[in-house]
Amino acid sequence: MEPQRSPLLEVRGNIQLKRPPVKAPSRLPLPGTRFKRGPDQMEDALEPEKKRTRGLDTVTKIATSRPRAPALTTVAQTQGQTTAPKVPKKTGPRCSTAVATVLKNQKPGPAAPAQKPGAAAPVLGGRKPTKRPAWDLKGQLCDLNAELKCCRERTQTLDQENQQLQDQLREAQQQAKSLGAECRTLEGELARVQAQAEQGQQELGNLRARVLELEEQLGTQQGLVQELQKEQLGLQEERRGLAARLEEQERRLQASEAALSGSQAEVASLRQEATTQAALLVEQGERLHGLEMERRRLHNQLQELKGNIRVFCRVRPVLPGEPTPPPGFLLFPSGPGGPSDPPTRLSLSRSDERRGGPPPPPPRHDFSFDRVFPPGSGQDEVFEEIAMLVQSALDGYPVCIFAYGQTGSGKTFTMEGGPGGDPQVEGLIPRALRHLFSVAQELGSQGWTYSFVASYVEIYNETVRDLLATGTRKGQGGECEIRRAGPGSEELTVTNARYVPVSCEKEVEALLHLAHQNRAVARTAQNERSSRSHSVFQLQISGEHAGRGLQCGAPLSLVDLAGSERLDPGLTLGPGERERLRETQAINSSLSTLGLVIMALSNKESHVPYRNSKLTYLLQNSLGGSAKMLMFVNISPLEENVSESLNSLRFASKVNQCVIGTAQANRK
């Protein structure tokens, strides 16, 4: 289908058919512009044409020989002939502007210069016409007629052309109307297009912002992509390394699987061997238990062979400021095996100053004990001799160790040790507990578990006091009484006394320090600080073998007896001496009762006077036939104490001669 042709183009085509082609500017308005010419401007545009046609009627002479130009052009070139009709102003501004544009594009050709009235007509053939004489009126009339005829023809031609122009004007007006409607449509479309353009500009701005944002994101993503590419390269390197490691691990796995196959066979054989070893271990455990019981039996038999009542004699060294004893005062003869054997005998000489005349040779007193410790013996040497006896308490045998002697003979030093915490001078109590803890730990590997509970009391003037009392309970010794643990029980306990579980050496040291502060001491003639009471440290030992259902328990009693002194009947007593006298009497009475109890046990008497003294009553389970007992007799090396030393040695000799029944372990 052929596209519809614009009316404006049709008008232009009609005009171009009648006029020579002239290059005309575009008649369509540019976008965003308006028609700027109104009706008056159109009249002004046509005004030169009016002026050129205004003098047609006044022309009187026209050269007849002049070639005729186009009618519209001739009319436009002549002046004063016929006035061109005005364009009717029927249309609006837009139509007038369109018509003016059409007429403007028709450029007139060059006009011939107008001839003045009365001028001679041009001569044909290029000759200059001759002026008729004034008398040639007929010639002039002929010229005028010819010119009139020519003007009429021109007028007729102009009328025809005017009629054609009017027709064309009407057609142009109609086209202008259609162009106005089309223009309005185009203006609406232009407004719509402009709105769309504005919306497009806004969208374009948004798109540009979005493009910038996307470009920024693209830059970020490109950076991330570069980082990821670098990371990918690193991962690829790592993957290659892992692949190499995987290959290596696979090779090792294959080797391990091969080794595993061999190991499984070896494990099977080892399991079989382990089963055999387990059975052997059970057998060895039974054998070890039998050997342990045999060890305990032999150990007890060895202690019995040594005697269930043993007596050791210890001579303390001479202290600074004391007189040196005379030579030969104390002698330590060698044993049957010579000097290499430990000494077991002691010889003491005593001079008699009451006889007059030349002094006779001093009599010598010889004593024999299970072991004699000279002044140079150390604490470790003393404990080494009793360590096996202490271990018997773990086997379930009651053990009791005494320290007996006069005031100042070294009993407290032997049992508790010296001041300052020097390990070289530790006494029997801390050493015995350290040894028990060590042996109990070793027996733990065989299934034995042990617990230890300690108590520390003193007996002062037949009154029991708790040396471990603290705070308001200090000094309330009268409240402590010795009672049976329960109805029908043979175990004795001290009421209101502290029983402290112990498991290490530091706890024992703290208890000994507290007891040393609470113990009753006083100044005597023999010692600046003398113990005026019997101190009894008891450790209740309980052992259990859960695997075999065995239990054992026994007390270990370590006793520091008060200093023994004889009374001088002729001594004048003051108030303080009377108090010391009562203390001495109580001490000697309890020591005598201890001797009587040992003698009664040795003689197998039916009645043993345990209740005659609080000391023997408290220790009756450690003194009977099922107990092991050891007495340290401590003597002074000074000659001035020879009488007290002899009394102590004689008492110890009597005890050493006693034999009580076979000890029995307390087992369940």
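Cβ from N, Cα, C; glycine included.
Record features (TrEMBL):
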{"type": "BINDING", "residues": "Gly405, Gln406, Thr407, Gly408, Ser409, Gly410, Lys411, Thr412", "note": "ATP binding site"}
{"type": "COMPBIAS", "residues": "107-122", "note": "compositional bias 'Low complexity'"}
{"type": "DOMAIN", "residues": "308-658", "note": "domain 'Kinesin motor'"}
{"type": "REGION", "residues": "19-56", "note": "region 'Disordered'"}
{"type": "REGION", "residues": "107-133", "note": "region 'Disordered'"}
{"type": "REGION", "residues": "323-370", "note": "region 'Disordered'"}
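Structure coloured by features recorded in TrEMBL.
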residue	record	contacts (Cβ under 8 Å, 6+ apart)
Gly405	ATP binding site	Lys411, Leu561, Gly563, Ser564, Phe632, Val633, Asn634, Ile635, Ser648
Ser409	ATP binding site	Arg316, Gly563, Asn634, Ile635, Ser636, Asn641, Ser645, Ser648
Gly410	ATP binding site	Arg314, Arg316, Asn634
Any idea what the model's mean pLDDT is for the domain 'Kinesin motor' (308-658)? 83
Cβ neighbour count within 10 Å of Gly408 (ATP binding site): 23
